[in-house]
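Data first, discussion second: the structure below is written as C-alpha cells.
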Amino acid sequence: MTDRFDPAASDSRWQERWERDGCFRADSASAKPKSYVLEMFPYPSGRIHMGHVRNYTMGDVLARYRRMQGFEVLHPMGWDAFGMPAENAAMEKKVHPGAWTRENIATMRAQLKRLGFALDWSRELATCEPDYYGHEQALFLDLFEAGLVYRKESEVNWDPVDMTVLANEQVIDGRGWRSGAAVERRKLNQWFLRITDFAEELLDGLGTLDQWPDKVRLMQENWIGRSRGLQFRFARADGAGEIEVFTTRPDTIFGASFVAISPGHPIAEALAADRPDAAEFIARCRQGGTTAAEIETAEKLGFDTGLEVTHPLDPSWRLPVWIANFVLMDYGTGALFGVPGHDARDFEFATKYKLSIRRVVAASIADAGLAVTEAETGAGVAVNSKFLDGMATPAAAAEIIRRAEAAGWGRGVTQYRLRDWGVSRQRYWGTPIPIIHCQACGAVPVPRAHLPVVLPEDVSFDVPGNPLDRHPAWSKVDCPSCGSPARRETDTLDTFVDSSWYFIRFSSQPGDRPFDQAEAEAWLPVGQYIGGVEHAILHLLYARFWTRALQRIGRLSVQEPFKGLFTQGMVTHETYRAGDGSWLSPGEVRRDGDDWVHIESGHPVTAGRVEKMSKSKKNVVDPDTIVDRYGADAVRWFMLSDSPPERDLEWSIGGIEGAARFVQRVWRLAQPGASTAHEDSDLRRRLHKTVAAVGQALDGLQFNKAVASLYELTSAIEKAKPSADRAAAVQTLLKLVAPMAPHLAEEAWAQCGGSGLIADQPWPEHDEALLVDDQVTIAVQVNGKLRDTLTAPRGLTREMLQAQALGAEKVARLLAGAEPKKVIVVPDRLVNIVL
RNA sequence: GCCCCCGUGGCGGAAUGGUAGACGCGAUCGACUCAAAAUCGAUUGCCGAGAGGCGUGUCCGUUCGAGUCGGACCGGGGGCACCA
C-alpha cells in the first residue's frame, strides 16, 4: 500500500497491459451492438497540443463508457498527413516532406500513447502512404467513370514568384503570403467534383441530422444557399439573341431599369473582341482583389455596352445593357436585371450612372407615389406594376412565374450558392490525380492495375513551383488507350479529399480495394464524431458529399457519414507581454501578488487577454511536460472539468492541480480500511443518484456535469462511516471514474481486489426506486418569495402541505391573521401563498 | 450589410417555469507540524450588527411564481459576404 498514486509508475504499466491484451481492438465480426466513436484525425504538424488532448480525451471517455456498456467499440486514430506545411518544411529545412511527416507522426503517436487513449492502433492509417491514397485514386476513378468528375478552366490565385496556386486564405492584401508577390488571377484547367449535383440532397439531409449542433446545420444550410426564383430571357433589341437572367424577386419586374452582365459573360467577351474600351474595362474588373475587405469597399463599376433588350411584358420598353463588376459569372446566369428601388447594389449602381429608379413595392397602394430615397428591400404590395398592383410580394412573385411559364418566356427555378468542388492543387505533397493526358485520346484514367500512382521520392524543393512538373521522368508515360507518348497529370488532390473517406477506411481495410461494403456498413455511420467547429463547413460538407456520391454509384448504402456530431471548444490561456511588447511564455513569468514579473529579469509583465493557445503568442503549454508532472489522468480529468465541452477551456495551474488532487482523493478512498456489515442507506441513495446522473451526463457529452457529480459522491463517501454500503460505493466510484481517469481506476481496482481489468467491467446500473428520497424539502413562498422551508414525507397530500405551510411561524407573521387569497401547492415541491 | 449564438458571485460554471449560485478554482480563518509541503475542518453573492433587504446585462410583458417564456434595447462572440 502506498499513500500516493504514482502516475509515473502506473500509467505506462496499464498502457502496456491494455496493448498486450488487445483490449481496444475492434472486432468487425462481433455479435455485440456496435458503436463507432471518432475524433477528427490530426495533421502531423510536429507535436500534439492541448486542443488535441481535449478532443481525444472526450472521444476516449465516450469510447470507454460505451465499451463498459457492452458495445463493440471502434475508436481508431490516424493521420491527415498530406499538406502544405510539409512542403514548407522541405523548403526551409531541406528535409523531404515524407521524412518530416513520418517523424512527426512517430513523435505524436508516442505522445498520444502516453495519455492512455483506448484506441485501436491496429487500424492506424496515414493518408500519405500509397496503401491509403492508392485506394483514394481508385475511388476518384469510380467517380470519374460515373460522371461526377470533370475538368474545366477556372480562375485561380497565382503566385508568380512561387509559381503556385494559392488558396484565398493565403492571399493577404493581394499578395502571396510566402513570397509577398502581387497575386494574379490566372485561368487554369482544373479538376472538379460535381458536389452541386447533390446540393438538394445535402440540404435536405441536414433535416435528418438531429444529433448535430443547430449552429453547424445552419452554417451548412447558408453555405449551400438555396434560393427560388424566376429565370427568364430578355430578347436583344438588335435581334442577335437573348440574355438570360435570374431573380428571386420576380414581383419587381416592372421596376427594372437596366440589365447587367458579368465581365466574364459571353456577350461581354464577344464585345471585348472588337471594342478595345470594353476589353479594357473587363481587364480592370479582373484586377480587383479577392479579399473580403477589398470586395466590401470595391466601387461599383459599369460599362454601357450600347446594347438594348426589350422587356418581356412590354415589347415597347427597352432597357440598356451594362457590364458591371459586381455581377458574378458563376452564380445564376451571370446576368441580372437591375431594380434600383428595391436592391441595395442596384440602387448604388443606378445612382452612380444616373439610371432611373422606380418604386414598384410600397407599404400600401396609397404610397405608390412616394419617392424612393434608399433601396427598400422588404416585402410589401406591388405598385406601378400594371396587373400586379395591390398584390402582396409573395403572391405577385408567384403570379409572374405563372405567367412566364404559361407564355413560355421563363420558368421558376432553384439556384444554389454552392459551387462545384475544385480539387486540383499544383503541389507535390498530395495524392496524385490518376489521369494521363494524351494528345489523341484526351484525359484517360490510369488503368486500375497500375494503381497506386506513387509519388516519386526523388524531388527537389530548391526552386519554386511544383516538383512533379519538373521531375525528369515521372510525368512521361504512354497513353493507356493508344500507346502514344503522353503526360501524367501532375496536379495532386486537395487534402480535403483524403479526409472525406478516412472514416470509411478505418471501418474496413482490405488490401485490394478501398473498403469492404458489408464490413463498412456494419460500423457506419459514425455514432459520435468530435472535432473543432472550424471544420463545420468544408470538411463536414465534403465528407457528406463523398458518402452520398459512393451511395449513388452503389458502393455504400449509407446516406450520412456522421450520425452524431459534437464540436468542442478551444483550449485557451492567458497571454503575457514584456515591456517591449514581446510575448512571453507561461514558463518565463511568475505571479507576484496581483502582478506578474519576468523570472529572469524581474521586470514587470503585462498579463493580457485569454486567447487560443498559439505559438505566435507563446501561450502554449506542452502536454508532455504536464503529463510528466501530473500524470495522464490529471490532465484528462482537467480537460473534462469546469467548462462545458462546447465552450473554450482556459488552461490554468489551479485547474490542473485541482484535478491532480482529486486523483489522490480517489486513491485514498480505495485504500483498504475498516469495513463493517452496517448499512448506510443515505450513501446508497447518493450512489444510485450519481450512477444515474453520470450516465445521463455522459450520454449527453456533458462531461463537466459528470465530473461535478463524481466530486459530490467522493465527498459523500469520504464523510461516510465504514459500512458495507461504503465499501460498495468505492468500487462503483472506481467504475464511474474509469472512462475519465483509467490508469488510476485500474490501479485502485487491482489494489482493492477487483477481478480482471476495470476497463472490462460492466457499467454500473442504478435502481430507480433509490433515486427518490423519503423526506422532501418543501419551499414555502409568500407571493412568490421564499419565506421558509419545511421537511415533509414524500407524497404528503396537498391539504396537509397547505396546512403545514400556513402553520409555519414566519408565514403566520406575514399573514397577520388575514386569509390568503389563494394557495398554490405543488406536491413534494412547494407551497405558494398569495395574499 | 445579412444570418446565428451568448450575457448568472472574484473566476470557470450548475439550475424539467417552482429553494439561484450545485461542483471546481481562488480567498479568509482554524487543525496537524519545530517549520513547510501534503491533508483535514469552517466560512465565502452583495448590503446590513441584526431582523431583514437586494440580486441572473437593461427596460417592459405573460404567470400564483421567470435565470428559464415573449417583446424592445445594450454589450460580447461566431458564420457568410457584391449570391441577383
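The backbone N, Cα and C atoms fix where each Cβ goes, and this holds for glycine too.
Please treat TrEMBL annotations as automatic predictions, because they have not gone through curation.
Taken straight from TrEMBL:
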BINDING   A:Lys615  ATP binding site
DOMAIN    A:40-171  domain 'Methionyl/Leucyl tRNA synthetase'
DOMAIN    A:221-404  domain 'Leucyl-tRNA synthetase editing'
DOMAIN    A:681-796  domain 'Methionyl/Valyl/Leucyl/Isoleucyl-tRNA synthetase anticodon-binding'
MOTIF     A:42-52  motif ''HIGH' region'
MOTIF     A:612-616  motif ''KMSKS' region'
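Residues 49-51, 570-573, 583, 648, 651 of the same chain sit 6 or more residues outside the motif ''KMSKS' region' (A:612-616) yet have a Cβ under 8 Å from a Cβ within it. Other Cβ atoms within 10 Å of the Cβ of the residue listed as 'ATP binding site' number 11 in total over all chains. Assigned with DSSP, the residues of the domain 'Methionyl/Leucyl tRNA synthetase' (A:40-171) fall into helix, strand and coil as follows: 69 helix, 22 strand, 41 coil. Taking DSSP states H, G and I as helix and E and B as strand, the motif ''KMSKS' region' (A:612-616) has 2 helix, 1 strand, 2 coil. Under DSSP, the residues of the domain 'Methionyl/Valyl/Leucyl/Isoleucyl-tRNA synthetase anticodon-binding' (A:681-796) split into helix, strand and coil as follows: 67 helix, 17 strand, 32 coil.
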